[in-house]
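Noted in Swiss-Prot for the protein shown:
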type: BINDING; residues: Ser76, Pro77, Glu78, Tyr118, Glu251; note: substrate binding site
type: BINDING; residues: Arg100, Asn101, Glu102, Asn109, Glu244, Leu245, Gly300; note: ATP binding site
Amino acid sequence: MSETASWQPSAPIANLLKRAAIMAEIRRFFADRGVLEVETPTMSQATVTDIHLVPFQTRFVGPGAADGLTLYMMTSPEYHMKRLLAAGSGSIYQLGRSFRNEEAGRHHNPEFTMLEWYRPHYDMYRLMDEVEDLLQQILDCDSSERLSYQQAFLRHLDIDPLSADKAQLREAAAKLDLSNIADTEEDRDTLLQLLFTVGVEPHIGRDKPAFVYHFPASQASLAVISTEDHRVAERFEVYFKGIELANGFHELTDGDEQLKRFEQDNRSREKRGLPQHPIDMNLIDALKHGLPDCSGVALGVDRLVMLALGAEKLSDVIAFPVGRA
């Protein structure tokens with residue numbers, strides 16, 4: 001596409017028409033399966049505690065908030081959707097905006113479209129099957145490859161991520177010319193994520209989608225720990241053509257355990273000099289009330305559309321990315 005004036009959409013109108021058709025196809029996919037579409041707030045008084053996520057925030061100064069009320073733009077609709085699940089919604093999905101105050105570039109935009117869905121009584125493997133069904137319908141791609149996080153590291157880095165100590169991880173990082181970052185990093189999971197991003201991701205999902213599952217228990221986030229191997233969590237990610245497309249969990253239903261994880265996140269934030277974030281106690285209360293056993297997944301729709309259209313960057317499939325917003 002030739003250079004356009006900044007008032008014009010960065011994406012060709014033809015691409016936006018195809019994008020609209022894909023959005024309609026996604027809705028048909030879930031309608032055919034009896035999954036309810038829901039809408040949840042874009043702003044909340046609480047936010048994520050994950051040390052790797054940076055939310056936008058604003059202040060509400062309307063009636064009843066004379067001193068101002070801090071609100072956070074949602075990085076994902078997960079917390080509100082789980083409250084619906086606890087209230088008895090059954091299977092649900094949402095197509096909506098999420099916001100992350102992070103990078104903007106070829107595969108990132110601070111405002112993006114997220115597809116998130118939850119399936120009561122599904123385990124991680126059954127949900128992976130459904131994700132694959134959706135990808136094949138939208139992308140007309142081959143059947144996926146599936147490998148564990150441990151297998152991925154052993155295959156591409158010749159190191160066991162579940163048993164390697166920090167010295168061994170730094171040694172592996174040195175082989176990737178990452179010593180300038182790894183040598184001063186004390187957090188084991190950050191080292192693992194660095195190795196995964198640089199040493200594993202570029203080699204998986206090149207010709208067909210790749211599901212990587214059983215991430216380390218220390219990276220469980222909102223997922224349950226495997227009952228078969230307590231070293232790993234029931235969590236998966238999906239990669240295709242060098243792009244991370246989705247992140248899914250067999251969801252943690254224990255409110256007390258989830259609260260402990262959030263509190264640990266905030267302690268980690270404090271150690272790193274990051275602001276501590278307000279914990280969503282409405283989510284904790286919903287979990288304690290009773291979240292059904294379920295699995296859920298979040299998928300980046302802009303990236304999905306980019307792959308479906310064979311586009312090179314998100315700005316080819318988004319009308320007005322941040323530079324033109």
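For all residues, glycine too, the Cβ spot is worked out from N, Cα and C.
Feature map: annotations from Swiss-Prot on the structure.
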| residue | record | Cβ contacts under 8 Å, 6 or more apart |
| --- | --- | --- |
| Ser76 | substrate binding site | Val48, Ser98, Met114, Glu116, Ala298 |
| Pro77 | substrate binding site | Thr40, Gln94, Gly96, Ser98, Met114, Glu116 |
| Glu78 | substrate binding site | Glu116, Leu222, Gly296, Ala298 |
| Arg100 | ATP binding site | Leu53, Val54, Pro55, Phe56, Thr75, Pro110, Phe112 |
| Asn101 | ATP binding site | Val54, Pro55, Phe56, Pro110 |
| Asn109 | ATP binding site | Asp302, Leu314, Ser315, Ile318, Pro321, Val322 |
| Tyr118 | substrate binding site | Met81, Lys82, Leu85, Ser91, Ile92, Tyr93, Glu251, Cys294, Ser295, Gly296 |
| Glu244 | ATP binding site | Glu201, Glu237, Val238, Gly300, Arg303 |
| Leu245 | ATP binding site | Leu135, Pro209, Val238, Tyr239, Leu299, Gly300, Arg303, Leu304, Leu307 |
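Glu102 (ATP binding site) has a Cβ environment of 15 other Cβ atoms inside 10 Å.
Between the binding-site residues Glu251, Gly300, Glu251 has the most other Cβ atoms inside 10 Å of its own Cβ, all protein chains included. Reduced to three states, the DSSP call for Glu78 (substrate binding site) is helix. Taking the centroid of the Cβ atoms of Ser76, Pro77, Glu78, Tyr118, Glu251 as the substrate site, the other same-chain residues with Cβ within 8 Å of it are Tyr79, Met81, Lys82, Glu116, Leu222, Gly296, Ala298.
Per the record's binding annotation for substrate, residues Ser76, Pro77, Glu78, Tyr118, Glu251 show a top Cα-Cα distance of 15 Å.
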